[in-house]
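In what follows, a single structure is set out as structure tokens and then discussed.
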Amino acid sequence: MNSENFSISEKIVSPSYIRQGSQARRSHEQLIRLLLEQGKCPEEGWSESTIELFLNELAVMDSNNFLGNCGVGEREGRVASSLVARRHYRLIHGIGRSGDIAAIQPKATGSSLLNKLTNSVVLDILKLSGVRSVTSCFVVPMATGMSLTLCFLTLRHKRPKGRYIIWPRIDQKSCFKAMITAGFEPVVVENILEGDELRTDMEAVERKVQELGAENILCIHSTTSCFAPRVPDRLEELATMSAKYDIPHVVNNAYGVQSSKCMHLIQQGARVGRIDAFVQSLDKNFMVPVGGAIIAGFNESFIQEISRMYPGRASASPSLDVLITLLTLGASGYRKLLAEQKEMYTYLAQELKRLAAAHGERLLHTPHNPISLAMSLDGLQAQSGKSVTQLGSMLFTRQVSGARVVALGNKQMVSGHMFCGFMSHSEAYPHPYLNAASAVGITRDDVTLCIKRLDKCLKSLRKESSARSVSSGANKCDTCGVKTL
């Protein structure tokens, strides 16, 4: 209620009680005022009641919620289900206009304000997470792969001769298909093995640049967050090379916002060289439903150019989800999650190392990967190649999700390109292995239960292997090993 309605209410209920209610209302409004003034994530998280009050205030500013609205167009925010309307807080019009996802929608003032505030709050979080010199970003209602495609399509207009995208290999289908979908030819650069780690082959990248000609290269497409034993690309060196040859540089930072190391690499890359845009997922970094990403960069005009490339209006759901989440957590809550992620990474590494030793395996040494870990499965491979893949199935049926088991010799055709050793990021990685990740939101109980179930699976496979060995040797001569009748 406004001040006038509060004054009228004093004639109905004791003025002292009304004043108390008015003060309580003002405490909510003060938080909203600070958000509007500063455009930053609040230090302390908001209560659900404050968030709902704020969203309801935004919703009544959209034309579909006007009490006397008479809509005669084809897009009037009509919703058949009241359940759907409540799910979206009656913010139905989406964001943007047909020509620009960042434009103000005249029929949706509240939704437009929501969009602007979300982008501003997310920018603040990117700075808090380590990329302090980032100047612009926007939330796009597409996951990481399609968001990368949007970046590549925008670069097409700036580099009409660009045909190739140089891509240090990372065995993840969506980022490869992003380049194909945009109409470009990926130039796959194999990684080099340093100890257990797979790292960027900078000499091979430069050879490709010289061989193809800088003017024919649309961009370099690098990666930060990835599955061990692959580690983040050498971003500083790639950024320096991009600046040297005047080639754009797009970074796939899929789940890197949660890692200070990944964000530091982006910050340093932009400081010493060139990074045109970096793209990150909403669900992996902020624990919201799949379907949104953040496109960010250091040149505001270029990021705006990417936003204008998006055709038509867009769903406001990803923006709404991430804004609600960040207002709930506050900056302090998100920092706490980042600290817990680091703590759980150490705990997961300790537990995997202990388990590996108990089964004659080892935790692969990948210190440059701050999120993902890998444990060798050489013993299982020696038993049977099928035992390695069987372990993955056993874990999944025992409700251990997210663990990846990588056997030797996998081949996979992806959009016309044959990847040898697929999922291992290398044509000839020397070990089969199991991946586990300490991502934001993981708990100590998750790690403990995973290790317990993994231990049981490994023991079960070893027992099965021993039984097979006994069975196959039952009819053999003890002296020569030849089967007898």
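Cβ atoms here come from the backbone N, Cα and C positions, even for glycine.
Unlike curated entries, TrEMBL annotations are predicted automatically.
Since we're looking at a predicted model, the values are computed, not measured.
What TrEMBL records for this protein:
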BINDING   Arg75  pyridoxal 5'-phosphate binding site
BINDING   Arg97, Ser98, Gln105, Arg313  substrate binding site
BINDING   Arg271, Arg398, Lys463  tRNA binding site
MOD_RES   Lys284  N6-(pyridoxal phosphate)lysine
(message) Quick check for the class: what is the C-alpha distance, in angstrom and rounded, between the residue listed as 'N6-(pyridoxal phosphate)lysine' and Arg398 (tRNA binding site)?
(response) 23
(request) Please name which of the binding-site residues listed here, Arg75, Arg271, Arg398, Lys463, is nearest in space to Arg313 (substrate binding site), Cα against Cα. (result) Arg75
(message) Using Cβ atoms only, which residues of the same chain lie under 8 Å from Gln105 (substrate binding site) while being at least 6 residues apart in sequence?
(response) His93, Gly94, Ile95, Gly96, Arg97, Ser111, Ser112, Arg313
(message) Give me the count of other Cβ atoms within 10 A of the Cβ belonging to Lys463 (tRNA binding site).
(response) 10
(request) Among all chains shown, work out which of the recorded positions Arg75, Arg271, Lys284, Arg398 has the most CB atoms within 10 A of its CB. (result) Lys284
(message) Given the binding-site residues Arg75, Arg271, Arg398, Lys463, find the one whose Cα is closest in space to the Cα of Ser98 (substrate binding site).
(response) Arg75
(message) Tell me the Cα distance separating Arg75 (pyridoxal 5'-phosphate binding site) from Lys463 (tRNA binding site), rounded to the nearest angstrom.
(response) 64
(request) Determine the minimum-neighbour residue: among Arg97, Arg313, listed as binding-site residues, which Cβ has the fewest other Cβ atoms within 10 angstroms? (result) Arg97
(message) I need the neighbours of the substrate site defined by Arg97, Ser98, Gln105, Arg313. Which other residues of that chain put their C-beta within 8 angstroms of the C-beta centroid, in sequence order?
(response) Gly94, Ile95, Gly96, Gly99, Asp100, Ile101, Ala103, Gly312
(request) Express the distance between the Cα positions of Arg398 (tRNA binding site) and Arg75 (pyridoxal 5'-phosphate binding site) as a whole number of Å. (result) 47
(request) Take the C-alpha atoms of Arg271 (tRNA binding site) and Arg75 (pyridoxal 5'-phosphate binding site) and report the distance between them in angstrom, rounded. (result) 45
